[in-house]
């Protein structure tokens, strides 16, 4: 099977889930779901050795061939690494969710369908080589994460968080689509690989920077970078397995993936380096600083994720500088890309486990409020151990994998000041300083998270439940991740050689061609008194000091004015857009059919008349007119008389009859001008609509002419006159100038040979323009459903409505 | 209000079948002569409307126990199915086919897949019109 189909396996499995859920109630649905990521993980692992000499694999199938849109699955180091994370962490999360979500109380089929949908979307994002399909999957992640965050949809906060995340990420996605379209126009291809191969030419294009900024907006919103991070803390309303999966290991990393994937294309631009590195550092600092303000365990982790994503982002930016220095330069920048990918893996392991820990604490004590927690160490020893491993790794302490990548980060930031491309001599010194301060705060919040929860005094009276150790199944997934955290520290080069180096090639294809050329060896010990070591010691020293004095300075956070926060900005933006649009629609939605007709007719007049004027298309020629016969004139007079009667009629019955008369007269015209089809149709329609009017007649209110004021009547008369003149002008012009032969001759010639019919009208309806007809009858059907809904299903009794709402 | 329109009812009994027959005729003739699914459907519907005018809704629903919503759905499915049937033969969506056959009794006749599509249109038109008229007429 071509591996492009692997992407869709979770989605296909999702179809089965509701049936399994219904039929096999005794077994937790999660067990069936678990098979999918495990199998996929196994399948993707087989690619690992294949990529060791720098090969890449593609597999594709056509989606919309006429628009050159296809699914191209492209497996190189980067997409493979992400695919392994998605399926690997996915498997652990599914296992964890089996114990976290109660099978009797929760709507498991919804949950797993969304989760599997998300898995497909994520795999699609990281493997698509086609811009449009990448965008498709990108928005699919937004939608499926919206469903997952809002899983407990009866809670207001869940719905709010889900909406917020979708508003922000979909906004970014749309911006990104704009960037993609610019790119595809510039490079005349949708393929990312082909675009990268054209990178030098594209860099000189006038749209290059615009597309760069738009693509980065997509990446920044998805990866919760400053100032778009505000959705991530609210997304913590999702069930914890979702948080562990989406908000630490996969979805938020899609933005990082995008930046890494487009680095070879954009790295030549200073905008890219400044924006990516700068935003990353700012986010790193901001997130780590405000993590200490939080009192919710998942809130702390959310801000810590924001900050760690910023760290990886800044490293990706620093890695892009290697394009300006070249391989011969013995600079550290080529390490930065490596460090970024390496930390990405490490972060997925320790943050995934920490989220699961937060879920366990929540599950077993009933609260996530850190002020109520404490002293759980003796009650939940296994949980505590895993939490300690994860936190210390996050803090950057040995012997855990976070230490290795944190050291690399510091090296990267230190070396950035040596770089003189953008006059870093003056500003460059800020980078290591900000990075260092952020690392101190990272250290403090890591301690804050683990020690406030597990040490100190146990406060059973504050806890909704009596605390006890979690069931073994819930502990296995975080324990596996915790083991990985330690294992990576002791054999970092195994991960480095097999996973990270192939991924680095995708980011720096101009420097290397195969993984073995990358001469990076991760070591825990750099040698004595390297600046990185001193900085780490400084972090530990100052961090401990800050942690001990935390109760003294933590209240400072509350001094931060609330109205200055970005959340407030988002809320007021949402509020004003709602109020504003409401006001706008109230202005023109008057509830009178008459008003809407006036809008429509005015639009028709303006559009048609202005087009005729701009194109200078008005022309009158009576040369080809047929003579007007006497009885035609009479019919026309009857038509006018009927119309005038409708306008002046005092009773509804008169106007209905007059309307019928107008319709039949038009049918007569059709008869005269040899259009039996139209005449027949017109006659039947008139008959039926008169019958319909008579049926409805009984229910209609007494005919009253609204707003008999002069102003309105004048306005109506003006619009009516305008429509009449417009149609006359168009009809005269259309008749007077025939630039191209009429299409009817084409139909006449082909109707028998092509469609085997004799009646042009019917052949057009069912054959030439059958698609139109199909949609028209669909519209008819929808209209009839609408009428049923309005008439048959309306809830006439107010009481009944109230009773339903109370339920 | 119960009325007893003897003349209208007697005429309707007779005329109804003529209308229906004529509608079937123009439906089938549609490909070569004026007519087709749309007009045919409307004509059928107008025939039923005539019944409704002569009798009341209850009588008509017992005489013609048809669920018009279902009819609409079936019509749509037939139309869509005809259009999608081309996929099976690996030709572009909505490709019609026709040929001439010697049929017993009828002699040489042309058969079209467009005819099937037209049947869908016919059913939808009858279904929709009758749904609208019935729901409005039913409403008190």
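Backbone N, Cα and C atoms are what each Cβ position is placed from, and that goes for glycine too.
For A:64-111, the entry in TrEMBL reads domain 'NADH-Ubiquinone oxidoreductase (complex I) chain 5 N-terminal'. As a whole-number mean, the pLDDT of the domain 'NADH-Ubiquinone oxidoreductase (complex I) chain 5 N-terminal' (A:64-111) in this prediction is 87.
Summarising the annotation, TrEMBL assigns domain 'NADH:quinone oxidoreductase/Mrp antiporter transmembrane' to A:128-425.
Taken from TrEMBL, the feature domain 'MrpA C-terminal/MbhD' applies to A:638-702.
According to TrEMBL, the feature domain 'MrpA C-terminal/MbhE' maps to A:713-792.
Marked as transmembrane segment by TrEMBL: A:31-51 (among others).
Sequence-distant contacts of the transmembrane segment (A:111-128) (same chain, at least 6 residues past either end, Cβ-Cβ under 8 Å): 4, 6-11, 13-14, 17-18, 21, 29-30, 33, 36-37, 40, 71-75, 78-79, 82-83, 86-87, 90, 93-94, 97, 101, 134, 136-138, 140-141, 143-145, 147-148, 151, 239, 242, 245-246, 250-251, 254, 257. The feature transmembrane segment is assigned by TrEMBL to A:111-128 (among others).
Within the chain, the transmembrane segment (A:166-187) has long-range Cβ neighbours (under 8 A, six or more residues past its boundaries) at 131-132, 134-135, 138-139, 141-143, 145-146, 194-195, 198, 202, 205, 207-208, 210-215, 217-222, 228, 230-231, 258, 570, 574. The transmembrane segment annotation in TrEMBL covers A:166-187 (among others).
The transmembrane segment annotation in TrEMBL covers A:207-232 (among others). Using a Cβ-Cβ cut-off under 8 Å and counting only residues 6 or more beyond its ends in the same chain, the transmembrane segment (A:207-232) has close neighbours at 138, 141, 161, 164-165, 167-169, 171-173, 175-180, 182-183, 185-186, 247, 251-256, 258-259, 262, 266, 269, 271-272, 275-276, 279-280, 282-283, 286-287, 302, 305-306, 309-310, 313, 566-567, 570.
As annotated by TrEMBL, transmembrane segment applies to A:272-292 (among others).
Per TrEMBL, transmembrane segment is recorded for A:299-323 (among others).
Look at TrEMBL and you will find A:335-361 (among others) tagged as transmembrane segment.
Here TrEMBL flags A:472-491 (among others) as transmembrane segment.
As annotated by TrEMBL, transmembrane segment applies to A:596-618 (among others). Only residues 6 or more beyond the boundaries of the transmembrane segment (A:596-618), in the same chain, are considered here, and those with a CB under 8 A from a CB of the stretch are 588, 715-716, 719-720, 722-723, 726, 729-730, 732-733, 737.
Marked as transmembrane segment by TrEMBL: A:630-649 (among others). Residues 655, 658-659, 661-662, 665-666, 668-669, 672, 703 of the same chain lie 6 or more positions beyond the ends of the transmembrane segment (A:630-649) yet place their CB under 8 Å from a CB of it.
Sequence-remote contacts of a segment are chain residues at least 6 beyond its ends whose Cβ falls under 8 Å from one of its Cβ atoms, and for the transmembrane segment (A:679-700) they are 652-653, 656-657, 659-660, 663-664, 666-668, 670-671. Here TrEMBL flags A:679-700 (among others) as transmembrane segment.
What TrEMBL lists as transmembrane segment is A:774-793 (among others).
Counting residue by residue with DSSP, the domain 'NADH-Ubiquinone oxidoreductase (complex I) chain 5 N-terminal' (A:64-111) contains 31 helix, 8 strand, 9 coil. Same-chain neighbours of the transmembrane segment (A:299-323): 223-226, 229, 232-233, 235-236, 243, 247-248, 252-253, 255-256, 259-260, 263-264, 266-268, 272-288, 290-293, 331, 333-334, 336-340, 343-344, 347, 351, 354-355, 358, 370, 394, 408-409, 412-413, 416, 419, 421, 431, 435, 438, 441-442, 445-446, 448-449, 507-508, 510-511, counting only residues six or more beyond its ends whose CB sits under 8 Å from a CB of the stretch.
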